[in-house]
Amino acid sequence: MAKIINVIGREIMDSRGNPTVEAEVHLEGGFVGMAAAPSGASTGSREALELRDGDKSRYLGKGVLTAVANVNDLIRTALLGKDATAQAELDQIMIDLDGTENKDKLGANAILAVSLAAAKAAAAFKGIPLYAHIAELNGTPGQYSMPVPMMNILNGGEHADNNVDIQEFMVQPVGAKTFREALRMGAEIFHTLKKVLHDKGLSTSVGDEGGFAPNLASNADALAIIKEAVELAGYKLGTDVTLALDCAASEFYKDGKYDLAGEGKVFDSNGFSDFLKSLADQYPIVSIEDGLDESDWDGWAYQTQIMGDKIQLVGDDLFVTNTKILTRGIENGIANSILIKFNQIGSLTETLAAIRMAKEAGYTAVISHRSGETEDSTIADLAVGTAAGQIKTGSLCRSDRVAKYNQLLRIEEQLGEKAPYRGLKEIKGQA
């Protein structure tokens, strides 16, 4: 038995200079797992609660000492003596201890950090890599794949201070034969884009996730400049590389309208879907995330109707990694993919349940970071261990993003042909 003998919580810093929760789980025999909770910038209203102290005299109210105290007291007491390999049981103990719908008593940041640390400790106890342990927890032992990265190379919206409304413009190196090759392609495009921006006299500073944030006139301009960079890097757009968007539309949804302040345009629900379709008709956009507000279910039905057969429509704020909400989406034919973020739901077990539900319904699952990250690279192991097929973990700079890519390189080296890179076949509507 992988007996838990100690649980330790502490306050550490995330990539935006805000505090977050880190946890350690110690087992008999000296096995230790350590993990940290990430934090989002654009968040869905139905996400599990990230518990902050609210003490304005410390970190402007963003301290997490209360959540850390919950780890060191209530959670520790509840888990001492338990078996770390029994992940579902551990997570249920913490969920029951919290007793609220959205984990607002203990904090999803506290529960998640311990949940992931326990999984890492259990993997160490079993003498196997974390991705292998996750595959076993998922009921799919030995079934792996390397994910196609969605590389966020140009930022707008909440992730940048510019006139671009769409939050993320991403490249997907679908023409690569291996993850290592895909990463190289993305890096070459990233550096070429920097030169293109510099030569045009545009800013080459980067946003929270490492993408550039130039002040462009429109969203179409952002796509045009990425196209230029892809081709200058020696790749063919639409064959070697496809494009993906994260609109984060809830951030500019006001009074039932989609207000693109940067472009000076206002759309109704169907009008904004038509606008996105027009962009996808001009460029090889194969994936659109949060193309409408999380509450605009009628609009989502229309968007799925006009684009769902050819384009991956990803629900992030829409589904918040929550099986109850995803069930409603599946029943109503809303979207065809779910973004998976650990901290939206707050435990590894619930995260795996959302991935399984999506796959069983024919939806894809895209594993994702948050804008506030740490050096923790658990999502890399999650992507491989569930054979999710896609990962979204930022651009090709900032150590908090590159940590995940580097872990994927290590995993691919270990697994070789046991973890194929399937490229375009992983993306809904493209197989």
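Including glycine, each Cβ sits where the backbone N, Cα and C put it.
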Next item on the list: Would you identify which residue of GLN92, GLN143, GLN167 Swiss-Prot lists as part of the (2R)-2-phosphoglycerate site it also attributes to LYS341, ARG370, SER371, LYS392?
Entry: GLN167
Next item on the list: Let me know which member of GLU209, GLU289, GLU350 Swiss-Prot also records as binding Mg(2+) at the site of ASP246, ASP316.
Entry: GLU289
Next item on the list: Would you mind reading off the Cα separation of GLU289 (Mg(2+) binding site) from GLN167 ((2R)-2-phosphoglycerate binding site), to the nearest angstrom?
Entry: 10
Notebook entry, point to check: Taking only the recorded positions GLN167, GLU209, LYS341, ARG370, LYS392, which one has a CA atom nearest to the CA atom of ASP246 (Mg(2+) binding site)?
Noted result: GLN167
Check: Could you give the Cα-Cα distance between LYS392 ((2R)-2-phosphoglycerate binding site) and LYS341 (active site, proton acceptor), in whole Å?
Finding: 10
Note to self: Beyond the listed site residues ASP246, GLU289, ASP316, identify every same-chain residue whose Cβ lies within 8 Å of the center of their Cβ atoms for the Mg(2+) site.
What the structure shows: GLN167, GLU168, LEU245, CYS247, ALA248, ILE288, ASP290, VAL314, ASP317, LEU339, SER368, LYS392
Check: Nearest to GLU209 (active site, proton donor) by Cα distance: which of the recorded positions GLN167, ASP316, LYS341, ARG370, SER371 is it?
Finding: SER371
Margin query: Using a Cβ cut-off under 8 Å and a sequence separation of 6 or more, which residues in the same chain sit near LYS341 (active site, proton acceptor)?
Written below: PRO38, GLY40, ASP316, VAL320, THR321, SER368, HIS369, ARG370
